[in-house]
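Chemist: Let me give you the structure first, and then I'll get to my questions.
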Ligand SMILES: Nc1ncnc2c1ncn2[C@@H]1O[C@H](COP(=O)(O)OP(=O)(O)O)[C@@H](O)[C@H]1O
Ligand SMILES: Nc1ccn([C@@H]2O[C@H](COP(=O)(O)OP(=O)(O)O)[C@@H](O)[C@H]2O)c(=O)n1
């Protein structure tokens, strides 16, 4: 039976960093599900058509990491038909052998409610904006506004809103280094696996 690790949380909380490193640690596959929504937003045109026809090459575009692509992703991610078109691919990926790590907003609640490990990664708004601003070489105040707007939209939408699963372990990385956050995340998963 494959082992699934579901990691959710708001923008720039550190979930991708933790997901990638956990996948490396356990020898699992990793899927950054935010990239699916970023690609649908970046493709333009009818987002439902774009989601239904999404190709692996669409995830390789070099314009997916920008703040604009994040906003476009968050808008198309509120469309039920867009989300529905992406479910099967994510669920299939989650069953990769010997295991998979998926990070996003609805992995523990909707995509993989049966995941063996569920983490909800958070950090204060200020810390998250500081990290993302550093990464993008952008203005912190502007990034803070963008993150808050996106988080509010992601949490308020009717379909698969961003929220911790009832059985998720909360991990606040505000005052943790990447190594400290990772040590806690791996320790939890090792306990579940044992
Ligand atoms: N615990 C941490 N301490 C300091 N910086 C972190 C931590 N976790 C992540 N980062 C940095 O913050 C930025 C955003 O992290 P990322 O994993 O991309 O977040 P998310 O996937 O939640 O958007 C990256 O530059 C990453 O190196
Ligand atoms: N499982 C997911 C993943 C992302 N998303 C949407 O896609 C947007 C971009 O996600 P992301 O994970 O790439 O964003 P960051 O947290 O890296 O900034 C989010 O703001 C959500 O609107 C989603 O709705 N469900």
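Cβ atoms here come from the backbone N, Cα and C positions, even for glycine.
Summarising the annotation, TrEMBL assigns ATP binding site to 9, 10, 11, 12, 13, 14, 15, 16, 17. Residues annotated as domain 'Cytidylate kinase' in TrEMBL: 5-40, 62-189.
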Chemist: Counting only residues 6+ away from its ends, which parts of the chain sit with a Cβ under 8 Å from the domain 'Cytidylate kinase' (5-40)?
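Modeler: Long-range Cβ neighbours of the domain 'Cytidylate kinase' (5-40): 47, 50-51, 54, 58-59, 61, 64-65, 69-70, 72-74, 76-77, 82, 86, 89-90, 93-94, 96, 98-109, 111-112, 115-123, 128-129, 131-132, 135, 147, 150-151, 154, 162, 164-165, 168, 171, 173, 178, 181-182, 185-186, 189.
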Chemist: Taking a cut-off of under 6 Å between Cβ and any atom of ligand 2, tell me which of the binding-site residues 9, 11, 13, 17 pass.
Modeler: 11
Chemist: Select the most exposed residue of 13, 17, where exposure means the fewest other Cβ atoms within 10 Å, treating these as the binding-site residues.
Modeler: 17
Chemist: Cβ within 8 angstroms of the Cβ centroid of 9, 10, 11, 12, 13, 14, 15, 16, 17: which residues besides those meet this for the ATP site?
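Modeler: These residues sit around the ATP site: 103, 121, 123, 128, 173.
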Chemist: Could you check what DSSP calls residue 11 (ATP binding site) once collapsed to helix, strand or coil?
Modeler: coil
Chemist: What counts of helix, strand and coil residues does DSSP assign across the domain 'Cytidylate kinase' (62-189)?
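Modeler: Reading the DSSP string over the domain 'Cytidylate kinase' (62-189) gives 71 helix, 16 strand, 41 coil.
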Chemist: Just jot down the residues in the same chain as residue 11 (ATP binding site), at least 6 apart in sequence, with C-beta under 8 A of its C-beta; none if empty.
Modeler: 70, 128, 132, 147, 150, 151
